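Database features (TrEMBL):
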- Cys102-Cys129: disulfide bond (DISULFID)
- Cys156-Cys165: disulfide bond (DISULFID)
- Cys176-Cys193: disulfide bond (DISULFID)
- Cys195-Cys204: disulfide bond (DISULFID)
- 1-129: domain 'Laminin G' (DOMAIN)
- 130-166: domain 'EGF-like' (DOMAIN)
- 167-205: domain 'EGF-like' (DOMAIN)
- 210-398: domain 'Laminin G' (DOMAIN)
Amino acid sequence: DFLCISLVNGFMQLRYNLGDKTVILQGLQKVHANGNTWHLLKAGRAGNEGYLDLDGINVTQKASAGMNVLDTHTDFFVGGVSSLNLVNSMAIENEPIGFTGCIREIVINNRELKLTVTDAKGGANVGDCDGTVCGYSVCKNSGTCQVENSGFSCSCPPEWTGTTCEQSVHCSENMCGSQGLCIPQPSSFSYTCVCALGWSGKYCDSKIKFYIAKFVGNSYIKYTDSYYRKRDLQYSRISLNFTTNQTEGLIAWMGKSEDEDNDFLAIGIANGTLKVVVNLGERISVPLMHRKYFTCCDEIWHFVTVAQNQTCIKVYLDEELIIFEDIDPQRKYTALNYGGICYFGGFEIGRKVNVVTTGLFQKEFIGKIKDVVLFQDSKKLQLMNAEGYNVYDGNSGN
């Protein structure tokens, strides 16, 4: 398998092979080769349907029957390769040669690669393209960079301030304590404070403890499993109690959630009923939905357990087995390589649930969670000791 973007006879070309045939897309217009024109290229695929967009002019390849997963486990090369032997003969039209020019702002699956000496794994014969202290992204939020004798300065739009336009004017004099994050509210010319775990109050200055975690919609807990290396990942298990009055929400996500290839086990509410999705590798299982009765958004405590025995998934709701399914009888992938990371209620601030889960779940969780147990551990998770924000004490009234 491969995916390759190249410049061929003055045209941009995308080629990819998912294991059965090579798909070739070529741009409609020539690239300016004057050395001072920046071009914006967007290229990729959804399943086996490809697209190539140069400066807003789009070419797509309609999907046809065939494979739809890019199965590569190699390094990612930009501008050239360490050895021309690595290049598949079908990946480029002519003999492969390295790129001469400038490349900036590479974003892969919504994550930007840092093109620096320290962040790259390796490379050779690469220099600074801009030649000044004003790189393309020195000034944030559409600020304008000017070269000065002492370095650079940024001219910021009205809503932003700071040396690199990194701070909202609404948060420039915020009163959020050291345990809080300032979230600007431009529509009201104000801000709100989002508190770290164990803190509450308007300015996150009140220390709290909780055993029942209350999620309010822009909340999350990220728990790192210290026993991950000792786990038998072919037999995973998670159980917890939850209560909610919402019909949508992500309750728990076991997995790193860094890119689309990460394994995960997810529990949530969709259309008022329990939804479980498991991905053990190459293919995402059909979402396992419980349709027997709609009880999940009734503000009553419910006990849910999801047990993975290789590719067999069992889901228990209130001690009743409601789902029992083999998600891959071929047994191609049998381990849940979740990286020791568990999210509850949502993901880091700024990461929307519907985006991270590619639409599997629509919203962050609003409700309460307690008594979380991983695998067959004898102790419940101490969620207070994890990372997170905007989670409150749900003990009162229970």
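Heads up, the Cβ atoms here are built off N, Cα and C, so glycines get one too.
Projection of TrEMBL feature records onto the structure.
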residue	record	CB count, 10 Å
Cys102	disulfide bond	14
Cys129	disulfide bond	12
Cys156	disulfide bond	21
Cys165	disulfide bond	21
Cys176	disulfide bond	19
Cys193	disulfide bond	23
Cys195	disulfide bond	25
Cys204	disulfide bond	23
By Cβ distance under 8 Å, which residues at least 6 away from the ends of the domain 'EGF-like' (167-205) in the same chain are close to it?
158-161, 218, 221, 349, 383-384, 386-393
From the Cα of Cys165 (disulfide bond) across to the Cα of Cys176 (disulfide bond), what is the distance in angstrom?
20
Hey, how far is Cys195 (disulfide bond) from Cys165 (disulfide bond), Cα to Cα, in Å?
24
For Cys193 (disulfide bond) and Cys129 (disulfide bond), what Cα-Cα distance in Å is obtained after rounding to a whole number?
40
Cα distance, Cys102 (disulfide bond) to Cys156 (disulfide bond), nearest Å?
26
Summarise the domain 'EGF-like' (167-205) as counts of helix, strand and coil residues per DSSP.
6 helix, 17 strand, 16 coil
Sort the disulfide-bonded residues Cys102, Cys129, Cys204 by C-alpha distance from Cys165 (disulfide bond) and give me just the closest.
Cys129
How many whole Å apart are the CA atoms of Cys204 (disulfide bond) and Cys129 (disulfide bond)?
44
